[in-house]
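K.L.:
For reference, the structure I am asking about is given below.
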């Protein structure tokens with residue numbers, strides 16, 4: 001606890017930790033109340049033999065009753081075991097809608113253990129303690145479920161089926177379902193365990209019969225049975241809401257059948273269960289109970305028979321007319337749940353040929369066109385820029401920096417952080433001292449323009465190498481000077497103590513020098529001067545740290561001094577997750593390097609920060625369609641941008657979706673944790689981008705839900721798909737890519753994330769979806785529709801034309817036969833003026849693992865194909881091929 005407290009204290013967030021502890025404690029204390037009542041109930045049962053009773057349970061009646069008691073306990077234990085596993089593994093996932101999460105391989109083992117525990121008398125005595133402890137543990141671990149249910153605000157949106165606010169589905173439904181599950185499993189266990197206790201009193205098992213429980217015990221059993229019935233009624237009532245987010249045929253949510261048949265039956269069942277519970281508690285009401293049980297059985301039989309009959313006789317013959325209002329609601333809700341209702345739609349009819357006017361109009365697009373894919377650039381970095389075996393470039397991110405003083409359009413670059421990979425240390429260097437005291441951090445990063453290459457075909461660099469040998473270069477072809485790069489991208493003090501690679505704990509500063517970076521054949525050493533870490537200078541702090549980590553060597557390490565601190569959770573996603581466990585941190589973080597004036601709170605000259613994308617999501621949004629069979633999300637928001645200092649480890653959380661009810665609820669619980677996006681320094685905000693993880697989901701949903709007419713949606717005639725392309729010899733789906741282009745004839749180009757789309761089972765281009773990233777337009781979506789009466793070639797078709805071109809296929813064949821491997825890069829489809837331009841970079845590498853070099857650029861306007869060493873050269877050749885021949889006089 002001391003280490004956790006000190007860790008939160010470095011962010012001045014110890015109040016958040018204290019509040020979480022208090023929420024867990026309060027949840028556990030509240031859970032003790034029903035447990036206390038259950039204990040009192042069980043102690044009230046009289047286990048002594050019923051001598052006065054003349055009525056006995058014998059034969060099959062005794063067997064059936066005993067089996068019922070055992071079955072009740074097994075069902076209860078199955079629910080409890082599932083909740084324990086889920087609460088321990090990911091307690092916040094309970095907020096997505098409770099479900100038993102027992103793996104199939106675990107189910108037989110847990111069932112066998114539960115059966116042995118129920119049947120073995122000594123173990124059975126321990127079961128009440130196990131169930132009580134489990135309920136308290138689950139309730140405490142589910143503190144986030146209770147907190148969100150209490151604090152989530154009204155959204156102002158009401159679903160039309162049960163007229164509940166959407167916030168009920170997003171935040172309160174899970175809490176109610178978990179509460180009913182805990183109470184039901186506890187009540188079932190008490191009923192089954194108490195009944196088994198009465199049935200197995202000596203000599204009942206040897207005689208295989210026992211006296212019927214006396215009046216006092218019968219009243220207690222009836223009271224618990226009535227409680228079980230009330231809880232079943234509550235679950236039945238709550239299950240009506242679950243109809244709103246389960247797929248029923250073509251409708252993502254409750255359709256005509258659910259409203260006309262299923263929901264009324266469930267409401268009727270709820271009333272009947274409550275009446276039966278009341279009858280169970282009333283004395284001398286055996287006839288009433290039997291009649292209610294008969295009515296309940298008839299209702300269930302009618303429900304199971306009437307539903308398929310109604311579907312077959314009424315719904316199927318007139319499905320479209322009956323389901324139209326529900327389809328409209330499903331389309332509207334799905335589009336809102338994934339922000340497709342924010343899309344601005346436009347149309348674009350490209351001209352068949354590229355003209356000089358198009359080139360002038362699209363100059364800013366062409367001057368920033370990405371020719372380097374991340375994969376070949378990373379491959380080059382790993383061979384030329386890792387510099388030591390223990391350095392690693394885990395990923396490369398596309399970004400933009402204001403490098404050109406002449407233009408308003410930032411230069412698009414690819415930035416890759418050089419992190420320390422401790423698993424790559426030589427075996428003799430993997431000592432405890434080296435791993436935790438010496439090799440503590442990575443250093444530096446590379447920055448490359450996306451649109452140029454060197455004379456050897458390899459990437460050019462604005463920033464390369466590291467330490468005092470760091471090379472900062474301008475680019476004459478782009479008109480960028482060295483001073484422009486130095487001004488926009490600081491490189492000094494580029495030690496990366498926190499990154500995206502998983503790293504062990506580090507102790508710094510100590511009496512041992514830390515490896516900083518290599519300089520020629522020598523090494524440069526340093527001592528950590530940042531503000532991160534848990535102090536371990538005092539012997540009591542060292543004892544706490546050694547206990548926390550299970551590392552006794554911290555107690556005897558002579559290199560630790562009074563200023564030493566323990567650096568833990570150095571993977572930036574782990575760092576954010578520890579502070580905000582309710583956020584989903586899907587996707588890779590990306591590094592930015594910004595000038596001093598724009599940094600958040602920092603105690604050093606550090607300029608490097610990681611941006612981590614935080615998502616809120618739910619699988620219980622009314623009438624919204626799930627993303628896929630493997631992804632149950634029905635609601636998704638990129639609600640938080642987390643900024644982590646790469647040197648000091650500070651974490652700041654900025655709310656990027658202030659209208660999201662989920663993040664508003666969490667901001668009510670932890671107001672000191674969040675800041676508005678306006679509070680983010682502008683120099684960091686200039687590097688924000690729509691995460692591909694969100695954009696991919698939006699593209700997935702748009703493929704069906706771009707259709708807003710329920711009749712067209714029902715017919716399924718207008719479904720889109722992501723086109724295919726061949727990359728490095730494999731056919732893959734076209735991934736969304738960043739381009740700098742003009743939006744809807746605007747004069748200035750913007751940094752866009754673009755995804756082309758084609759009709760299902762057809763390769764023609766039908767639309768684009770673009771996410772805007774700059775300024776006040778951040779997060780806006782633009783859908784560009786292409787004319788349906790004019791076929792526009794899709795990426796797969798253009799790539800086929802490229803491979804069929806005699807000149808190009810001849811060159812590719814010569815390279816392949818010459819011992820080299822041709823790698824066709826990502827095919828980009830970009831708007832240039834009034835024309836579409838298809839651009840494919842071609843890389844060449846040795847068959848035995850050589851460096852990929854950018855060798856050719858292939859361009860096409862959809863009719864003509866040209867290839868050259870450079871993009872301007874390829875465009876010139878394309879225009880020469882498309883220009884009409886000049887008429888000559890006689």
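Cβ atoms here come from the backbone N, Cα and C positions, even for glycine.
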K.L.:
For the feature transmembrane segment as recorded in Swiss-Prot, pick the matching range from 98-118, 245-265.
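P.N.:
Transmembrane segment, as annotated by Swiss-Prot, spans 98-118.
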K.L.:
Can you identify, from 198-218, 219-239, the stretch that Swiss-Prot calls transmembrane segment?
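P.N.:
When 198-218, 219-239 are checked in Swiss-Prot, transmembrane segment belongs to 219-239.
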K.L.:
Test the contact criterion for the transmembrane segment (21-41) and the transmembrane segment (134-154): 3 or more CB pairs under 8 Å, pairs 6 or more apart in sequence, then answer yes or no.
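P.N.:
Contact between the transmembrane segment (134-154) and the transmembrane segment (21-41): present, because at least 3 Cβ pairs are under 8 Å.
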K.L.:
So are the transmembrane segment (173-193) and the transmembrane segment (295-315) touching or not, going by 3+ C-beta pairs under 8 A with a sequence gap of 6 or more?
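P.N.:
The answer is no, given that the two segments have fewer than 3 Cβ pairs within the 8 Å cut-off.
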